[in-house]
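Notes follow the structure.
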Amino acid sequence: MAVAGQLCLLYLSAGLLARLGTAFNLDTREDNVIRKSGDPGSLFGFSLAMHWQLQPEDKRLLLVGAPRAEALPLQRANRTGGLYSCDITSRGPCTRIEFDNDADPMSESKEDQWMGVTVQSQGPGGKVVTCAHRYEKRQHVNTKQESRDIFGRCYVLSQNLRIEDDMDGGDWSFCDGRLRGHEKFGSCQQGVAATFTKDFHYIVFGAPGTYNWKGIVRVEQKNNTFFDMNIFEDGPYEVGGETDHDESLVPVPANSYLGFSLDSGKGIVSKDDITFVSGAPRANHSGAVVLLKRDMKSAHLLPEYIFDGEGLASSFGYDVAVVDLNADGWQDIVIGAPQYFDRDGEVGGAVYVYINQQGKWSNVKPIRLNGTKDSMFGISVKNIGDINQDGYPDIAVGAPYDDLGKVFIYHGSPTGIITKPTQVLEGTSPYFGYSIAGNMDLDRNSYPDLAVGSLSDSVTIFRSRPVINILKTITVTPNRIDLRQKSMCGSPSGICLKVKACFEYTAKPSGYNPPISILGILEAEKERRKSGLSSRVQFRNQGSEPKYTQELTLNRQKQRACMEETLWLQENIRDKLRPIPITASVEIQEPSSRRRVNSLPEVLPILNSNEAKTVQTDVHFLKEGCGDDNVCNSNLKLEYKFGTREGNQDKFSYLPIQKGIPELVLKDQKDIALEITVTNSPSDPRNPRKDGDDAHEAKLIATFPDTLTYSAYRELRAFPEKQLSCVANQNGSQADCELGNPFKRNSSVTFYLILSTTEVTFDTTDLDINLKLETTSNQDNLAPITAKAKVVIELLLSVSGVAKPSQVYFGGTVVGEQAMKSEDEVGSLIEYEFRVINLGKPLKNLGTATLNIQWPKEISNGKWLLYLMKVESKGLEQIVCEPHNEINYLKLKESHNSRKKRELPEKQIDDSRKFSLFPERKYQTLNCSVNVRCVNIRCPLRGLDSKASLVLRSRLWNSTFLEEYSKLNYLDILLRASIDVTAAAQNIKLPHAGTQVRVTVFPSKTVAQYSGVAWWIILLAVLAGILMLALLVFLLWKCGFFKRSRYDDSIPRYHAVRIRKEEREIKDEKHMDNLEKKQWITKWNENESYS
């Protein structure tokens, strides 16, 4: 009841017209759309079929299944479902077809049997089949042993929708009487699908509940004329066998629902043999479609080929259609998969189109048509016939959950299917498009019509409009404009043109000959006016707008009707380069009153959408500046040079030439320039009449690669006058430059095409610009020229480095490697910081820049030199340098304190140098190329944008310097770093980007005294000093230095002096014994301090 209530509410909003999404020849105008509705909750429209009754009268009907319709009086049930007949020429409701109006409650139940779940017509004058797949057979009613089996059954009706002969009636229930239970035939559900073969010979049933819902297909003879053809034994045929009942012969696993959808035809596998097509939408969890053939000997239906679905739970095979889309005589197969989904692509439902390759299906790759998300696109697929009469059948696809429901119309073509829908019908009643019927002309206009059902108890019939082709011709007199020939025709310029346009129509069928009212339209220079330019012509008495219209009547096919008018040329026109285009087009006029055909409003024809809407002719100007023979033989020549533009100024410089090809080194410039020079001079000065005439409509067409776009042009010089004009297309991929009309003899022009390089990428290696000169004058050697340039991308990367500190010291005692536990025990801290700057294009599309550091790990004898503790980065993603094991190789404990200075104060170092016993200074330079073993540390600079920095934290290995370099005054350690770019294109140019960092290492003073001078040297120096002092005293004594002077010699003579205060060095808070004596000072400055 909940479902019924819901459907009732849906019915209240149904009944409105479908809206047109994109239009072709299915008429969607309100008065031409036919609507039929059923009882609320009856599911009127669940199934549809078009039926052509020939006897006792010619009728074309729409049959509508309503599987939830109320029961007939004698069916002893509430809802049984039913079948309705709809006459589209009548405004009244559809009529219920009365059959199955009895019931035996002791042996059967028709409650919710869903009569009308499917309905099919055999064709003109043929039978009709409709089924109730939930029909129940009962046994032992009202007893404890009561059982029910859902066999399902079908009714066959004669063409007049009555039961008339032995083949008619409801005895089509082949599961009745067989083994029961769902493992066999107890849940047979015959009639979920049923159809007739197109040759009228067979009726085909699907029973998807058989054999634990494996499903089967059964084919039975349905043609009394077989006896007249001496065919006395033909079937029935069944998957698994009519008598064998061998479920192992079913070609799909359990729960596959084989027989859920059906179609058939010849020309699927063989041109002569019929093939049955059945869907199994749950086979292998995705669905399958099986091609079956008859086996005369065993009466089996055997599989010929199986199509497998590609999406999990996609219901591949929910509906199938056999149709020859390309009209090659081989039937193609269309398969719906309404629950196919693709989350990334927002796909909800799909239809697969398999184009037949002369009966060979193994290598056929299907064309997939996709629906929108959750639309159930493909729940119904139908062959709707050739609705536009172009010779290729068409299909319709339903998508009932796309908004309120949609039906997509796809046309066939010589190549198969046109994947873009030619028309989309949009419903205003919910679930529009659940069922579709077509391939029959209901309104007798020779074009098949379309019926669309919904789950909201409504059906909409769309009538097809006849498609006509209108042949259009234009003649203009005179066909060329001679500005020197003027006449008294009424035009201010004295030049007139007579324009005549004629029309005739053709259509299918050839007997379709109604008079058609059209509006003929003549227009001149339509595109020129759209671009905002004024027209050079106007029609007489039509004002300034060059447009003329006239109503015409085409009385029948291939009967011509014409219109004629005079066109005036405006005065003083400047544009004589371009011809004057004149177009003719038509519109079908709707008559004020429309006649009715078969009680239906007349459907107006529509123009073929595949035909050109307009026809055009161009009127050219007569050429001037030609030779005596009135033939212009021009001699256009072109030269080019590539250059670069300096900033935003109009200053250009030529590109360097490398191996004969200009080379563009692209850094940060945004534009390049192509200098073009065009001349028109005689090729042979001795015979100037040979060529070099005026080049009429001279034009240069420049076509640019995807990496370049047109920006502007600059005219440099021209002779004898400037008349250059360049216009680019919308995306800047082509520029048309008008050189002049005419580009006269001995003319020349030089100009720049400025091109933007914003689309040049690191993959761009060449620039090819196609240059083509055009003129309406005679010149045979105007071959296109390709301007070529090589592109080199120069990366503006630089690296700089600094060491902190740049001077360090070593000293103390030697500590073995095994004894070290933390980095503080290694030696002085040195931090190397490298800054990388990118001033050019981002590297995101190029690859990864890598900083290569030649790390001085150890000296030549294998002893440690610099111990690398840690690598950190700024402005980069998390960095991982290789080889990773070279970083903190010994796994020492990291110190987070500030670095511990091992060096002495600077002043002490200076004094130690002053008192050095050896004036010759010893030093050494350590670098990778001479005396140090280095490791290449590679650090990818991922995420590098404009700048980044890398910090390498290291320790000087103190013990190595104590053991190896304590005798030296100092050492220099050189560390080199450079950048390279991996995965770079061949045209990447990376200038040398490297740096060198120097660190100076000094020994402390104690180390220098202890290790630099032996004790015996000190002893000898002391003894030598004493000896020299004794010798000096002896010499002074010999010279009388120690004798007392006489009185007169001792008269004092005074000289004022000041003695500087003695400078005493303080060490360890004690006075040093050796005091340095200062020289006498005889002059001083008052600003100085003396004692």
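Cβ from N, Cα, C; glycine included.
Per Swiss-Prot, the cysteine from Cys131, Cys188 that shares a disulfide bond with Cys154 is Cys131. Swiss-Prot records N-linked glycosylation site for one of Asn746, Asn1087, namely Asn746. Per Swiss-Prot, the disulphide partner of Cys94 among Cys86, Cys175 is Cys86. Within the set 255-259, 360-364, 1040-1044, the record from Swiss-Prot flags 1040-1044 under the feature motif 'GFFKR motif'. On the backbone, the CA of Asn445 (Ca(2+) 3 binding site) and the CA of Asp332 (Ca(2+) 1 binding site) stand 27 Å apart. Between the CA atoms of Asp328 (Ca(2+) 1 binding site) and Asn746 (N-linked glycosylation site) there is a gap of 61 Å. A count of other CB atoms within 10 A of each Cβ picks out Asp332 as the most crowded of the binding-site residues Asp324, Asp332, Asp441. Listed in sequence order, the residues of the same chain lying 6 or more apart from Asn731 (N-linked glycosylation site) and placing their CB within less than 8 Å of its CB are Thr709. Tertiary neighbourhood of the motif 'GFFKR motif' (1040-1044): none, as no same-chain residue meets a CB-CB distance under 8 Å with a gap of 6+ residues from either end. When secondary structure is read from DSSP and collapsed to three states, Asn958 (N-linked glycosylation site) falls in the helix class. In terms of C-alpha distance, the listed glycosylation sites Asn78, Asn370, Asn746 place Asn370 closest to Asp441 (Ca(2+) 3 binding site). Across the repeat 'FG-GAP 7' (420-479), DSSP helix (H, G, I), strand (E, B) and coil residues number 0 helix, 32 strand, 28 coil. Mean predicted confidence for the repeat 'FG-GAP 5' (301-363): the pLDDT average there is 94. With respect to Tyr447 (Ca(2+) 3 binding site), the closest of these recorded positions in Cα terms is Asp332, chosen from Asn78, Asp332, Asn958.
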